[in-house]
Structure formats: structure tokens, C-alpha cells
Amino acid sequence: MAFLVPVLIIIGGSTMQLELLDRLRQINPIVFNISNFVTVQDVANGINAIGASPIMSEEINEAQEMVQLSSAVALNLGAFTMPQIEQIRTVGHLANQCRKPLILDPVAVGAVQYRHNVVLELLNDFDVDIIRGNAGEIAALAGVDWHAKGIDAGNGEDDIAAIVKLCAQKQQCVVILSGTIDVISDGKQVVKISNGTPLFQLHVGSGDMLTSIVGAFAAVSGDYFVAAQSACAVFAIAGQLVAERLNAELPGTFAVQLMDELHLITVDEVQRNLKMEVVK
Ligand SMILES: Nc1ncnc2c1ncn2[C@@H]1O[C@H](COP(=O)(O)OP(=O)(O)OP(=O)(O)O)[C@@H](O)[C@H]1O
Ligand SMILES: Cc1ncsc1CCO
Ligand SMILES: [Mg+2]
């Protein structure tokens, strides 16, 4: 087994464990995803590229085996149908029973009331460990007014750090609000990561990829707040490194090179580029 050099970045009492990236690549954890049909391929390849192992299923009869063989479970609610909700509910319960980290991506709950209602019911049914959404989605789950636009974040006036913290307190889990700045809270502390590139917004499914990569980091860390921060840093910096090499807005090239960069990015590159602050 290769020697792991611990890289701890401590900013104002919050700890970022960048060596989780190396641990993830050594362990190659299986992440079970309930994906959406729009971005399933990107999600599978994103998990693979970073160094984990994806598996997808829509069949309730294999839910138990799927949860048992995986080290984390990511539920993406991007395009569910009613029969699938029964599978999602079963998988959520099984993940709790088997103590597997459970990550939720509440796609478009800020824009579609039906989805919002379904997601709130599910959140009452089982415990999620990490929620990852954009501002429109996290504001909706926090109960804050926001003008979400379909799957996109939309606009709002409120302080996003306060929204993430409120959402984390309300849902009693770690919450990631991704966007120009990723804001992460466990309900007490709030951390901001200001890496990334606007090119992420030109690739549908960037957020879905991040959600499942958060699952891969949670699979190799007992601390979900730290896992969430590390995943956000690695993903945003991977995109940023690609954008810095491009000399025009090239969404197709960005998507292809993002996959390459997820595979190539090192702890050292993350450490050198990280822009992180603890919110007081
Ligand atoms: N303007 C931006 N500048 C820098 N990084 C960005 C910007 N917008 C998004 N990102 C990054 O893009 C990634 C995906 O987050 P985003 O909030 O766009 O997800 P999303 O809205 O759920 O996307 P999708 O619906 O396409 O899956 C995150 O790593 C985030 O940091
Ligand atoms: C475009 C789209 N519609 C439902 S899910 C999805 C992908 C982003 O989550
Ligand atoms: Mg999304």
C-alpha cells in the first residue's frame, strides 16, 4: 500500500483533508447512484475518472444487494417517476440501516412544487448525510424565498451563507450550496470555496457529477463535513485548471477535458490553487 502523506489545511479552525483524494484512489470505493437519464453517463464517468467505481440501478428488487456492495449512495432526483420513488425510498431506508453515507441532489425543487413536496416527504422518511444543490434548490429546502429557474440556480437577495446554515439546521445534515462560490455547512460552521469557472454552467450535469463525487469522498471519510469540502475543492479546481488552459468558451472541450482533469489532478495542485475561507 502506498504511503499517504497527510495534507491538512487548517483555516480558522476548519480542517480540509486533501489527502482524502489519494485515499479515494487507493480504496476505489463503489458509489451506488440513482441517476437521471439526462446525465447518467457523465456521472458514471466522473466517478470513474476521479478514482472511484460507479454502479447504477433502477430496479427495486436488487436494492438490498446494491446498497450492501456500495460504500456510498447518491440519490439524484433529476427526472424521477412515481414507480422510481418507491425504489428511492427503499434505497434510502437500506442506506440508513446499513450505515452507508447517503447523499441527495434535489434537482429543481426550487422551481417545481411537486418535486419539492416529494423531496420533503422523502426527507421525512429517511436520514440523508449530505445534500448538494444550487442556490435555488438549497433555498427551497431552507424555506427561504428565491427565484429559481428550472434546473438552474436563479436569483435571490438573501445571504447564501445564512441560507446554507439554515438548511443544514433544518434538515440536520451537511449541506453544499454550489455555484460561483461553493458554500458548505454542518449547521454550525460555514466554509466558502471560491474556486471553479463559469464554464461549469455550460455543461448540464456539472452539479450531478459533483453530487456523486461527494459520495465518493464520503465513502472514504467518517467526517461528512470534511468530505464535502474536499470534494468541492477538487471538483472546482479541476474545472478551473481546464478553463485556464482554454483560450475561448468551449463547452464541449471543457466537458471532455474536465473528465481528463478529474483523473489527473493531484493533491499538490489542489493545495496550490485552493481558495477557502471560514465564514464568521
Ligand atoms: N459561475 C461559476 N464560477 C465558478 N464555478 C462555478 C460557477 N457556476 C458553477 N460552478 C461550479 O460548478 C459546479 C456545479 O455546480 P452548479 O451549482 O452549477 O450545479 P447545478 O446547478 O446543480 O448544475 P447541473 O444542474 O448542471 O447539474 C460546482 O463545482 C460549482 O463550484
Ligand atoms: C436538464 C435536466 N432535466 C432534468 S434532470 C437534468 C439534468 C441536470 O440535473
Ligand atoms: Mg443540479
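Each residue, glycine too, has its Cβ placed from N, Cα and C.
Copied over from TrEMBL, here are the features:
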type	residues	note
BINDING	Met56, Gly205	substrate binding site
BINDING	Arg132, Ser178	ATP binding site
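A map of TrEMBL features onto the structure.
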residue: Met56; record: substrate binding site; DSSP class: strand
residue: Arg132; record: ATP binding site; DSSP class: strand
residue: Ser178; record: ATP binding site; DSSP class: strand
residue: Gly205; record: substrate binding site; DSSP class: coil
Inset, instruction - Would you mind reading off the Cα separation of Gly205 (substrate binding site) from Ser178 (ATP binding site), to the nearest angstrom? - result: 13
Inset, instruction - Express the distance between the Cα positions of Ser178 (ATP binding site) and Met56 (substrate binding site) as a whole number of Å. - result: 24
Legend entry - Residue, out of the binding-site residues Met56, Arg132, Ser178, Gly205, whose Cβ gathers the largest set of other Cβ atoms within 10 Å: Arg132
Inset, instruction - Of Met56, Arg132, Ser178, Gly205, the binding-site residues listed, which put a C-beta under 6 Å from ligand 1? Please answer none if none do. - result: Ser178, Gly205
Inset, instruction - Fill in the CA-CA distance, Arg132 (ATP binding site) to Met56 (substrate binding site), as an integer in Å. - result: 19
